[in-house]
Amino acid sequence: MSKILSAVAWPYANGPRHIGHVAGFGVPSDVFSRYMRMTGHDVLMVSGTDEHGTPILVAADEEGVSPRELADRNNRLIVEDLVALGLSYDLFTRTTTRNHAAVAQELFRGCLRNGYMVEETTRGAISPSTGRTLPDRYIEGTCPICGYDGARGDQCDNCGNQLDPTDLIEPRSRINGETPEFVETQHYFLDLPALADALKQWLDEREASGTWRPNVIRFSQNILAEVRPRAMTRDLDWGIPVPGWEDQPTKRLYVWFDAVIGYLSASIEWARRTEDPEAWRQWWNPAASGEGEALSYYFMGKDNITFHSQIWPAELLAYDGRGDKGGEPGEYGSLNLPTEVVSSEFLTMEGKKFSSSKRVVIYVRDVLERYQADALRYFICAAGPENQDSDFTWSEFVRRTNDELVAGWGNLVNRTASMIAARFGEIPQAGVPTETDLALLATVEQAFGTVGDLIGRHRQKAAIAEIMHVVGEVNRYVSEQEPWKLKADDERERLATVLHVTAQCVVDCNLMLSPFLPHSANRVSAVLGGPEVAPMPVVEEVEDLDGGPSYPVITGDYRSAPGWGRTPLVVGTPIAKPTPVFTKLDVTVVDDELARLDQ
RNA sequence: GGGGCGGUAGCUCAGUCGGUUAGAGCAAGGGACUCAUAAUCCCUGGGUCGUGGGUUCAAGCCCCACCCGCCCUACCA
């Protein structure tokens, strides 16, 4: 039994999240975590909303509200969406808690104490009216290379060249049009070159494990070749105060410095809310995990790889004093580096990149209001951007739902329960099984091994495809056995056997599907008189542990999850005529949704 | 500019270490069945594996060049 940390990317709270986000980190991390719990591991699944940084400030200013108000509102929306999807977080919190600020500052102090946080003067753009950092991408002007008027400070979209914002002719702020001021400013830089050897050693070990997706490990090794110190503070009045610079209210920690610390701070917050406030150490300190090992899996979209395979491990190494400059760990002790960075690619939408501003977007909320959560989960699991970009189209969503979920799996459940209800009213006792019966039972039981292995290797598309293949085998068995023809008295034992075998296989398949489709797994189990098989998360309103404002969290008790393997049917369990678990979609859904996009 | 990914049936994709006749689902055509949400099951047709070279007894897979699409590029998060 291992301690498994499921570290799930923190959704940014500048607005509601779209289905591309939950396809990238949400559903895959939940499938993995649910499966790991079923195989007996101690899983700690943490995340929260990321609420600092310039974009939130900009969005708040546009609405005329405070950044805290904007973050509060979006945090609540995101919490509601994620819990409705059934994502089984042990704790989904936020970066604006006092606990998080304290942990982030402790990490900062540790990096500073060990000499990896270096103060340097740099030249940066600020907004003259607010004094805030103006990130490169918020500056636009005329490209000095091609003359294009809408070039951004970091890159010209017209000619594709990378730019420095000081190169731009007639630079202006994209936020309010004013001319940015380039000023000398003091910042703390994380000394990545002093950590590069340690990072390389860690990445080489990880590569040798052979578990990382090839493009993720390659990309990570690649960006290590040209590391430079990176600023970890900003001229901003929204964020976590910089230790030692409390007298400078416009200096804050860089949002990415604190966001990745969320994995640790959320683990600590989770422990502080249990009876053992030190319990988090079992997932983080090498010596504290007990008999098993402590493993950590980080789930995100590919745009986040650099922060999880470079910045975050660099912060951990610096805090632990494991870089070229040496040092000692702080009060949290030596902290485990990521076991695996599990990055997905991007989901596109009818062939185009998601873009809120261009209205190329489908919000999680809108899908959940109109369709079953498990229909979305099924699409993501079966056709998501696991290894390469994949495309969401409404026609494919309708097809997957109707042909695979409803007609393939749902119909098998329904025909099985209907026949048992009509002929026995309860789970019948099986008679002597035939070779065919035994072969099917063996095929299905063996699938636990192959499917589990695939999930453990983050090959979820192959895993769910394997289950659906087995579902097809069971459908074929039913068609070949033709139990509806077994009507004579002397055929009743054979009928009982066929239906018992079928029901057992359905229960098995349902258990295998439960990490993917938790909502419907519970309903299918109920149809066949079984218990809840997929514990669900809940939203709780909690007090800040250190005196801040209260907020909603996602949490849950997932200990009742059944083991990963066959649970024999209980003969005599009453079975009623079923109502369908899955909703078939009308083909007009496609046109309706496409019309909605064009509005 | 640099780095990476992809191009396989009408569509969406799988294809392990180079090894027999390149697979699945959907769509199309035909049939069976009636337990089930008109669901299910069987059969059939369908391929110059982006292009051109190379290595090899053997290439979808390895090497080189090119074409097309996409992603990342470290101060957006």
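Just so you know, glycine gets a Cβ as well, placed from its N, Cα and C.
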Out of A:203-207, A:353-357, A:478-482, which range is noted as motif ''KMSKS' region' by TrEMBL?
A:353-357
The annotated motif ''HIGH' region' range in TrEMBL, which must be one of A:11-21, A:154-164, A:165-175, A:451-461:
A:11-21
For A:Ser356 (ATP binding site), just count the other CB atoms lying within 10 A of its CB, please.
12
Could you pull the average pLDDT for the domain 'Methionyl/Leucyl tRNA synthetase' (A:7-416)?
89
Which state, by DSSP, holds A:Ser356 (ATP binding site): helix, strand or coil?
coil
